[in-house]
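Annotated domain 'Amidohydrolase-related' per TrEMBL: 47-381, in sequence order. According to TrEMBL, the feature Zn(2+) binding site maps to E128, H194, H215. Among the features that TrEMBL reports, substrate binding site is placed at A139, N218, A219, R226, H253, L310, C311, G312. Look at TrEMBL and you will find D275 tagged as active site, proton donor/acceptor.
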Amino acid sequence: NCEILRDHKIIREDLWVRNGKIVNPEPIYYLETRLADISIDCKGLLIAPGYIDLQINGHFGYDFSNCDIDIKEAIHKTASGLVRHGVTAFCPTLVTQSEESYHKILPQIERTAGSKAFGATNLGAHVEGPFISRDKKGAHPLEYIKSIDSFETIKRTYKYLDNVSIITLAPELDPTGDYVRQLVDAGITVSVGHSTATLQEGERAINSGATFITHLFNAMLPFHHRDPGLVGLLTSSALNKQVFYGIIADGIHTHYAALKIAFKSNPTGMVLVSDAISAAGLESGKHKIGVQEIEIKDKTKAFIAGTNTLCGSIAALDYCVKHLRQVTGCTTVEAIECATLHAAQVLGIEDRKGTLAFGADADFNVLDPALNVLATFISGTCVSKVANSLDINI
């Protein structure tokens with residue numbers, strides 16, 4: 001008694017799960033002549049893939065870039081809390097650090113499968129820097145920003161590349177594209193961002209193997225009609241593949257008109273990210289984050305206490321999905337795929353994440369028509385639900 005999102009459309013069909021995977025029911029029903037061991041009435045609601053957040057700096061008071069805390073505990077607490085927002089997988093994200101900090105933090109960001117005990121899957125780290133533009137550093141500490149003189153510099157800086165899934169770098173620091181190619185050959189997704197790159201420099205990076213743009217519009221040259229910079233990658237005819245781009249659709253960091261322009265230009269490349277800071281998930285009021293006092297208002301905005309200065313995103317991905325549909329007028333399928341399928345495609349894991357195809361991991365959300373998350377499942381096990389929404393024991 002549900003609708004499901006499969007093959008880019010919403011269909012009326014039951015969802016069958018076995019051993020943590022989504023399965024084709026026909027062989028079970030006709031060859032094994034079995035019925036389901038457990039049947040859940042979804043009351044006509046929509047089942048969609050679990051959300052995937054490729055850029056999240058912290059949550060619930062924890063900052064993944066703080067080498068003085070227990071990073072493993074921070075990731076576990078975040079993973080177990082994110083499922084309430086329908087997030088079933090995420091990339092813990094680090095801003096620019098010293099080498100010593102990378103060497104201390106990255107070993108603790110081990111990929112971990114999602115579960116009832118752990119929460120959302122840890123897909124590996126997204127390291128945002130230090131190979132970025134000094135002129136487009138944003139909140140990154142200037143003293144740790146680096147140029148690249150060899151691939152050994154990259155390996156020495158991070159040391160624990162096995163735990164890294166995404167690296168954001170400024171393409172103008174790689175004038176031949178060789179560093180991008182070597183990172184991709186090492187199994188790492190390369191994203192361009194925090195950059196003063198021209199369109200031509202961005203195109204070279206994408207054609208060398210980069211596949212992603214970090215938080216479109218933020219920390220890059222503004223669109224100019226004679227050289228649109230990295231923004232121009234959305235419609236470039238010089239690219240040999242789909243380019244994906246992250247965007248913070250919290251209604252604060254990206255104006256609704258810019259959100260609409262991006263979506264209309266390249267709807268199949270949009271990837272919703274929260275880019276959330278450690279204040280995300282906290283209640284309205286004043287909180288101490290490190291040495292800084294912040295104030296959260298309306299559960300949607302974080303300010304430096306006593307000021308009107310925003311201090312980062314505290315968006316949850318489920319809110320971003322709803323905001324995207326409302327602002328752009330896109331379909332429900334399009335809005336959801338911007339937080340599921342497209343994110344999985346960035347990492348090349350769309351055969352098992354971000355989809356309800358047969359054989360995929362049974363990570364999914366039960367949504368009402370307003371796209372509120374009523375229940376979240378990881379590997380076929382319910383890990384979060386709104387009280388009285390479904391007759392499920394967790």
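Heads up, the Cβ atoms here are built off N, Cα and C, so glycines get one too.
Curation does not apply to TrEMBL; its annotations are automatic.
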- Just going by other Cβ atoms within 10 Å, which of the binding-site residues A139, A219 has the emptiest spot? A139
- Note on the structure: Those same-chain residues, other than E128, H194, H215, found with Cβ within 8 Å of the centroid of the Zn(2+)-site Cβ atoms are Q55, G129, I132, G138, H140, T168, S191, G193, T214, N218, A219
- Using all protein chains shown, find which of the recorded positions E128, D275 scores highest when you count other CB atoms within 10 A of its CB. E128
- Starting from the Cα of G312 (substrate binding site), work out which of the recorded positions (E128, H194, H215, D275) are within 10 Å. D275
- Note on the structure: Cβ neighbour count (10 Å, all chains) around H194 (Zn(2+) binding site) is 29
- Query: Hey, of the binding-site residues listed (H215, R226), which one tops the CB count within 10 A?
  - Reply: H215
- Note on the structure: Cα of H215 (Zn(2+) binding site) to Cα of H253 (substrate binding site), in Å and rounded, measures 10
- The rounded CA-CA distance in Å from A139 (substrate binding site) to H194 (Zn(2+) binding site) is 10
- Message: Taking the Cβ of each of the binding-site residues and counting other Cβ atoms inside 10 Å, which one has the highest number: N218, H253, G312?
- Response: G312
- Restricting the comparison to the recorded positions N218, A219, D275, which residue's C-alpha is spatially nearest the C-alpha of H194 (Zn(2+) binding site)? A219
- Euclidean distance between Cα atoms of D275 (active site, proton donor/acceptor) and N218 (substrate binding site), Å: 11
- Message: Cα-Cα, whole number of Å: R226 (substrate binding site) versus D275 (active site, proton donor/acceptor)?
- Response: 30
